[in-house]
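Pulled from TrEMBL, these are the features on record:
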- B:10-148: domain 'VOC' (DOMAIN)
- B:Glu71, B:His98, B:Glu144: Zn(2+) binding site (BINDING)
- B:Glu144: active site, proton donor/acceptor (ACT_SITE)
Protein chains: 2
Amino acid sequence: MAPAETKGYRLNHTMIRVKDPEKSLKFYRDILGMDLIDEHDADDFKLFFLAFPDSPSANAQSRAHREGILELTWNKGTEKQSDFSYHNGNDEPQGFGHTCISVPNLQEACDRLEKLGVEFKKRPQDGKMRKIAFAYDPDRYWVEIISTE
Amino acid sequence: MAPAETKGYRLNHTMIRVKDPEKSLKFYRDILGMDLIDEHDADDFKLFFLAFPDSPSANAQSRAHREGILELTWNKGTEKQSDFSYHNGNDEPQGFGHTCISVPNLQEACDRLEKLGVEFKKRPQDGKMRKIAFAYDPDRYWVEIISTE
């Protein structure tokens, strides 16, 4: 039983840093279909909040009431540094693993992503586990893809 | 407009590796109030899936249809290694930033967590930003806390 004091708690978002928001928005918004639901532009950095339009909490009364939000932090200027890259948490030193998107049809989704130039660590047909795939986002973070079917 | 092919996509979960599941379950389940909704026990590792009971997708037809799930990966044995720790993505090399939990009353939530021994990087009353806090989970991952009010 959850403590009474935690009533109403929600897992609102996950934040990852991205080198180049143009590439990240192409991936998460234009290809994967997330909505850019909010932005916060500061002098040195800019935050992008993305969520799927079919999210169960899409009609929540505010951004803070939602779940399933991805926050991208862009520290301005990193996109111009050729030797700059973020750490994906799966190469050493390990920590963070991945985000995961569920889709109605895994094979169709992955075939489409592959055609659109998305790189995969593991397609559904690779290896033994046919029910999961791992794509790379533009910063080489892993995005697991599973099926709701 | 989201591509028609991405209809039904959801941001299902975020995975982080944890050193000691006993400590992590105490934090995420017993203190924060998440439900342990699923487990997968393999020879070398064990996965724990947690979600808030008040999640907007709590009544979804399957785990894959939900949002707001936190997956903890425990590689068995790490809890016994005194010199072992995971990388939280905020110390160098940077990448992953944090997860974020929204709560009905930020100050009450943080006061309670502090009383329960949770360490904070930033309490609401620290610094200028009074509307956010950052707690440390047992692996020193940052957990942002914001208010839905």
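Any Cβ shown, glycine's included, is placed from N, Cα and C.
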Assigned conformation of B:Glu71 (Zn(2+) binding site) - DSSP reduced to three states: strand
List of residues, in chain order, with Cβ under 8 A from that of B:Glu71 (Zn(2+) binding site) and at least 6 apart: B:His13, B:Thr14, B:Met15, B:Ile16, B:Leu47, B:Phe48, B:Phe49, B:Leu50
Proximal but sequence-remote residues of the same chain as B:His98 (Zn(2+) binding site) (Cβ under 8 Å, at least 6 apart): B:Asn90, B:Phe134, B:Tyr141, B:Trp142, B:Val143, B:Glu144
B:Glu144 (Zn(2+) binding site), number of other Cβ atoms within 10 Å: 21
